[in-house]
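*Asks:* Can you keep this structure in mind? I'll have questions shortly.
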């Protein structure tokens, strides 16, 4: 797939004559190295170029991960040395309602993903029309994406206020007496979902829009000739063409959704009413940094990491089977 | 009815619906601005005021005294600019090497790193914290900066994808011309992948600027707190006094810099971010 | 060339970042770090006290302050991050864990030369921070000084009583629960006649007020040795049921919907609530109330004696402090210096830590509340620390409140809830006690 407004880089380059790299470069005649010399030079530069990234990977992923693998099997309060306790932490986890509740909360908040993606697809299709003002709409819908999550959480906490909040004021206009959103266990999660959908809509909309614009016009014309209706066109042309971008959005959203922390920590301190908004990351943070249970917190981190890994892997498998091509 | 005019009619309908949606999208932000200009009592008026009466511009003067907002901005700028500028260079060099240079085992390394990307940060947060604790970096900005300097795997991934569109022969031709690898990167590759870099740079900048989990773990002292932490503390401190105008004014200031950059460069930003998706 | 500029960039970044070091990162022995929490009034008062300390001792004190909710996690992170502040507030419930794991310093060797007489303090407040390695409250080692001592007292709106033509409550003799309910019913009124209640008898918060009811009814959260959770006793359930009934049966508190509009704290301050708790740290705010109010004992259950809790935060010194002597001096200055105490008491955020000063303060009739002696009685006679103060962590105790809402809403009986929550709390208490044993094993 190629980009919307920028032509594929390769083509842009290929269109003209190869640009001379440097007028001042050393003349070819000066090159005396043998092939293996050249290869060694290439290898050396390649190694140098990837060195920082590899170093970062080792220091901040491999090392902590290995340590996690050890710490998860210990009783460790962070103040004294860990003691090995085998599977104890995992046993505790299985019996810990709050862990399961936090896991459930995290999953519940992810229902915002399909909702958000569907709305943004509709929006993208609406904006894919040649009509005046569409660039203005694009900016407006994208605006929440660039706002700071902490600031937006503060804003929405206030917007969800039972009496003076924007949401209930709006609902009152259509005759609904809104609940005290963030103070009640039954409404706190839907409130968070609403805010997250609002915030994330613009990003997926934009990517869908880009994907839609890259669908070759000829495909639609062909479908029209075949007498396909609007639904048929969507099902057989638009939707398949959008599959790679949908895949990308689903994966990134799930990875992001498994890490929700800022919103819940700011909007519903202490895990929310009846622990209804404590996410898994929030719970790990609590256990690790407040309750001196670092071994246990690490064990939960490991489970979280594993879950995300497996989900992502499944997504990759599914995508590999279904899509005709990603790149 | 001609096809043309039916298209126009649908356009009008769609525009109206999108317009209604825009109202919903903008309402919270407008309300935020409105609240930030009210009096403390005005906030609790029913029915609510949309246009503050009176306008309390002094709320925006008070916020600078009420908390370390200024140093918060400074710290956020230091962290996000250092990380994204240096990190972008490291990431694009790595992407270049992974895509165009020959190195035994590089694909294996790349796959391993990509796998690492799938471990979310929170999963590693405790051991990483302990690592930084041992070298004495807690309560400094370093734990927020140093990992980013070593590059961003996501960026490497996208740039590498993008570079697949650049024919290998170009690099070979440049080599034959006697260019060194850094020269090739800087004069040939970098200009070519600039749109992709811009997109990644912006996304990354926003992510670092808006980060909250990292700062809340590592930073305690007021003088090192980043902006997001500062406004979260504003919220905690002043909500008890129901000083919502102050809280909203501070929060607005916190999202203004990125918002302003976005509004000024919205065309370029939207176009380059759209690139990200089409390269997925 | 690329690499060189990359390296230069890294160096510049590192340089910049070093400039961005927090207050906790100091190695100068003449610089102390002090971490505390508090609202704006408290911050202002402590900033002033610290400035005085700096002047007297020619040292620099770097201050790290957070709001109440975040403090525990922040302190914990600082300790884990090996950036323990020299002097810091800590919850007495953390004392054992911090002492056993060598986070806190035994201050007793330095107290002699601290320049502040610590033996003038309330003995009870200091005893909270003694620890002999086995039992909290014993031994000569002192791991903290009281930042304050907080008798969580009960107040009533005298103006409201007078307007309702009710006899004023006895300042020393507690109401029985029935009497309390009756008076609350009399106070609950629709004063402006618009058909909606605008004045209520009371409006209590379960987390902070249930203790008074449970204890005065002969119940408690655990047995004396803190090994068994005892919330499943009839006395306990009765107290919780009484608490819930105030709202659901007797309807003498703002309804759930009404307290959403404005919480009872705000309503009390607007003169709409008859009885409301009064803590020492509220005194500054309550000075501005435009009605008369005073203190009384909490209504008493079946034991006939009132009960309530005493809050206390410790000021501790880090065992990693480079200057434990000066750090102890600061802790003692904040806890026991007469000048500091005067400043903090005048700021209305606490009652005096020095016993003799406190007695004088209570005898001074020139400002509200008149019956300040009630706070003294709580400290001297009948107040107790909050449950969980002497266990390795308080998770078992907080567990009690996590799922309590259905009882308060009247959807579940107190007895059912207490029976349900007891095993959950017991598991957590067992875990805390086991953790203590494990850590202690390493300690020796």
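Note: Cβ is positioned from N, Cα and C throughout, glycine not excepted.
Pasting the feature list from TrEMBL:
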- B:73-265: domain 'ABC transmembrane type-1' (DOMAIN)
- B:12-33: transmembrane segment (TRANSMEM)
- B:77-98: transmembrane segment (TRANSMEM)
- B:110-135: transmembrane segment (TRANSMEM)
- B:141-163: transmembrane segment (TRANSMEM)
- B:184-209: transmembrane segment (TRANSMEM)
- B:244-265: transmembrane segment (TRANSMEM)
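Set these features in their place in the structure for me.
*Replies:* Tertiary neighbourhood of the transmembrane segment (B:141-163): same-chain residues 75, 78-79, 82-84, 86-88, 90-92, 94-96, 98-100, 110, 113-114, 116-117, 128-129, 132, 189, 193, 196-197, 199-200, 204, 208, 211, 214-215, 218-219, 224, 226, 276, 279, selected by CB-CB distance under 8 Å and a gap of 6+ residues from either end.
Outside the transmembrane segment (B:244-265), and at least 6 residues removed from its termini, the chain residues within Cβ reach (under 8 Å) are 32-33, 35-40, 42-43, 56, 59-60, 62-63, 66-67, 69, 72-73, 205-206, 209-210, 227-228, 230-231, 234-235, 238.
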*Asks:* Check the transmembrane segment (B:184-209) against each of B:12-33, B:77-98, B:110-135 and return whichever range has the most CB pairs under 8 Å.
*Replies:* B:77-98
*Asks:* Is the transmembrane segment (B:110-135) packed against any residues at least 6 beyond its ends, judged by a Cβ distance under 8 Å, and which are they?
*Replies:* 98, 142-143, 153-154, 156-157, 160, 213-214, 217-218
*Asks:* Given a Cβ distance threshold of under 8 angstroms, which distant residues of the chain, six or more beyond its ends, lie next to the transmembrane segment (B:77-98)?
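*Replies:* Beyond its ends, the transmembrane segment (B:77-98) has Cβ neighbours at 106, 110, 141, 144-145, 148-152, 155-160, 162-163, 185, 189-190, 193, 197, 200-201, 204-205, 208-209, 226.
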